[in-house]
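The transmembrane segment feature in TrEMBL is assigned to A:12-30, A:107-130, A:142-164, A:196-215, A:254-276, A:296-322. Per TrEMBL, the feature domain 'ABC transmembrane type-1' maps to A:103-319.
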Amino acid sequence: MMGRYIVKRLIYMVPTLIGMSIIAFLIIQLPPGDYLTSMIARMTESGENVDPAQVARLREIYGLDDPVLIQYWKWISGILLRGDFGHSFEWNRPVSDLIWERMGSTLAISLASLLFVWAVALPIGIYSAVRRHSFGDYAFTFLGFLGLAIPNFILALTLMYVTYRYLGQSVGGLYSPQYVEAPWSWGKFVDLLSHLWIPIIVIGTSGTAALIRILRANLTDELNKPYVVTAKAKGLPEYKVVLKYPVRIALNPFVSAIGWVLPELISGVTITAIVLNLPTAGPLLLRALVSQDMYLAGSFILLMGVLTLIGMLVSDLLLALLDPRIRFT
Amino acid sequence: MGIGGMVAKLKADVADTGEPLLEVKDLSIDFHLRTHILHAVRNVSFALERGRTLCLVGESGSGKSVTARALLGIVDRQGRIAGGRILLHGDEGEVDIAQMTERSSELLRIRGGRIGLVFQEPMSSLSPVHTIGSQIIEALRLHRRLDARAARAETVELLRQVEIRDPETMVDRYTFEFSGGMRQRAMIAMALACDPDILIADEPTTALDVTTQAEILDLIKRLQVSRGMAMLLITHDMGVVAEVADDVAVMRYGRIVETGSVDDVFHAAQHPYTSSLLSSTVRLEQPRADIRDRAEALGEPVLSVRSLTKVYGAVSGWFGKSGPALTAVDDASFDLHAGENLGIVGESGSGKTTLGRLILRTVEPTSGSITYRRKDGTSDDVLALSKAGLKDYHRQVRLVFQDPFASLNPRMTVKQIVGDPLVVAGTLRGAALEHRVGELLDLVGIDPRSMERYPHAFSGGQRQRIGIARALALDPSVLIADEATAALDVSIRAQILDLLLDIQKRLGLSFIFISHDISVVRYFCDHVAVMHRGRIVEMGTAEEIVNNPREPYTQSLISAVPNPDPRNKRMLHRTRFKS
């Protein structure tokens, strides 16, 4: 039953992926010019001489004068057949190296933020729904809206200031300078933790606020359902009634959150990452787009799409595990 | 020994003890709403005795469910027990449930342990994401020291007692795999799991079909007698009261206006409200208010339906597999004459609603024909109509909906709602439109001056009148009423039925009246078609169907209708249909 469902979902993903690769490629082709024109512009600006013959040679090497379809085919067949994402013009390195370098830290920060979001939103959401219109509910609601309303970069700057001024930590990045190139050790791990909490809080705040509101609204509806009275009439204590029945059903949006939180965490936190100088994918993508480093940018966009799809799949599978009504229909 | 005999014997056994199990004394419950305090229950007193059934009767909003839940100490967030005592007698003397707090362990022991609760919504009163078994096992393990294996065995045994087929398999199923009647049985099994002294059943059969209702009431009654429980049955249906109750308490506006033995209440009612409740109860034996001249109804039929069939799911899917075909309506044929009322009765899933939609062509029939004859003698083949033709047809044949709360747009005024069909048709505007809306509202007994108000300002019965006015706006010749009175209280229901009959007399309408309630159909209709599993199994005049049904299915259906007369119980001696 479940196996067939997964296979079906995977098959459905194929056309979506093809469409996404086309769109990713078109997006990076959209701006006028290409990497070479922007390079020439930069070189002339700084007064360097540009040799037209060399430019023509470069164009030929990179195939920039080929029709769009052939360029697309070269790119996608390289990825599919050889795992070759192409060559970054700007960094003069294979794109895959650059991406894997950044993806590790990006995923780590994203997952940590997701866990933070869940850990904070779940208890607060339940409390707010069960003790609706109480002082605690209002206080959390206020904090939640504050979190939604404050732009991430302001929060990042504030936290950086606080840690620098009062905790005397090095600002920005994931490691203190002395650990950046050092091999893994206990000290490096502790150092990582002491840096990691700032991005996690900054990135997680708005997601937390949103999830608290969703959980509160859902749970409020569920609390009035007849099956809650049934559970009470059985003689279950109140906290067990709430946790076992309505919360279980109100959890659905939590799980579906993976689908949208994951890509948002990876791409949507670019500004935060720049402010905090994090070695994640966001700033790299921005650079690649600005300098029209097309293979790098295209690969990033494609990967982001794949991650979204995977996130959706994971959340759908978890939902099916959680809710038999989805499993059987 | 029949049920009656067992009841009589048990009554003889316990009659002398005289000690009530539970006494409610002067109970008052207030609801603190945003603007005012609502006294939902006021000075209510009654007692429950072992082996006897007390029926609490009242219309919606009378406070009967609030009272019942208070017996378990379950009161809504805004609610407070303002006064009175709920005394539960037991081996260790008496305890007052009204004084217990939500967290007291004593209260938790009583809930489910000494008092079991079964209530109305069989669809939503069990958790959809847990198996039936796990929910019953939970109740067992809470109150009885059983290990997991013993609890499971006990659960299977309980499911067997409530006559669920194949309990070993069903115990691991989810609620959505159960039918409404089966869920209610599982609910009863859960309530009875820990052998409570008292069973509270809050409208346990309201959402069920008549035959299922009869089986469930039978089951509850039998289990009550065999376990010697006291039962508090809450219902709005006088028929159910007459069939099941020993004693009756009638509630209105939070007060008990009359109590007495079932025979006294039905045959010597003291309070005028009780009498009006009884007189507005539509009885199966009661013929139509006006028996008309049959000859008048003859002539060319307005609507002729021939061999109408709808098959669902025969289309092949994406991967070439074809789902099992379901024949929702199978070869239905009938004629509807001008000024005639045709009733379509059947249980849920019998295809009666689909038939109504097929006639309107909101669902496309698979095969068959529908012929509609206009007043000027021309006739149309409905299934061949173009889009414009269908639009015109929908002006002639209109629908009255079941749910008076969901079928009116809460953001439109009554004037907009009733005038909407006229605006869509483009026939009237401005002052003429307003005049017409006023006329229509007057026709259905709503003050035309209130046309600027929004639907929330009206009660359920008034909303249904507004819905009827909207259906009448374009001078239709046929109205299809799908369970148009099912959501209404008995007294309101009688008023709406009389209103429809009155309008029919004045406007010469024909009705197709779709209902699960045979008494209402009998009261309202000239001809009745009985549907079962998509087929019209029997058709005839209302008298024939009720007094002299030929088909075994119709017989079982008629005999399962509760009779609102305790001296003449019908349901418990019903004939059963085996298919």
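Backbone N, Cα and C atoms are what each Cβ position is placed from, and that goes for glycine too.
Note on the transmembrane segment (A:296-322): residues 2, 5-6, 9-10, 13, 16-17, 20-21, 24-25, 27-28, 75, 79, 85-86, 88-91, 95-96, 98-99, 103, 248, 251-252, 255-263, 266-267, 281, 284-285, 288-289 of its chain, located 6 or more positions outside it, place their CB under 8 angstroms from a CB of the stretch. If you look at the transmembrane segment (A:107-130), the same-chain residues 6 or more away from its ends with a CB under 8 A from one of its CBs are 136-137, 140-141, 144, 196, 199-201, 203-204, 207-208, 211-212, 214-216, 218-220, 223, 242-243, 247, 250, 254, 257-258, 261-262, 265-266, 278, 280.
Through the fold, the transmembrane segment (A:12-30) approaches residues 68, 71-72, 75-76, 289, 292, 294, 297-298, 301-302, 305-306, 309, 313 of its own chain, all at least 6 residues removed from its boundaries and within a Cβ separation under 8 Å. Within the chain, the transmembrane segment (A:142-164) has long-range Cβ neighbours (under 8 A, six or more residues past its boundaries) at 124, 170-172, 198-199, 201-203, 205-206, 208-210, 212-213, 269, 271-272, 275-276.
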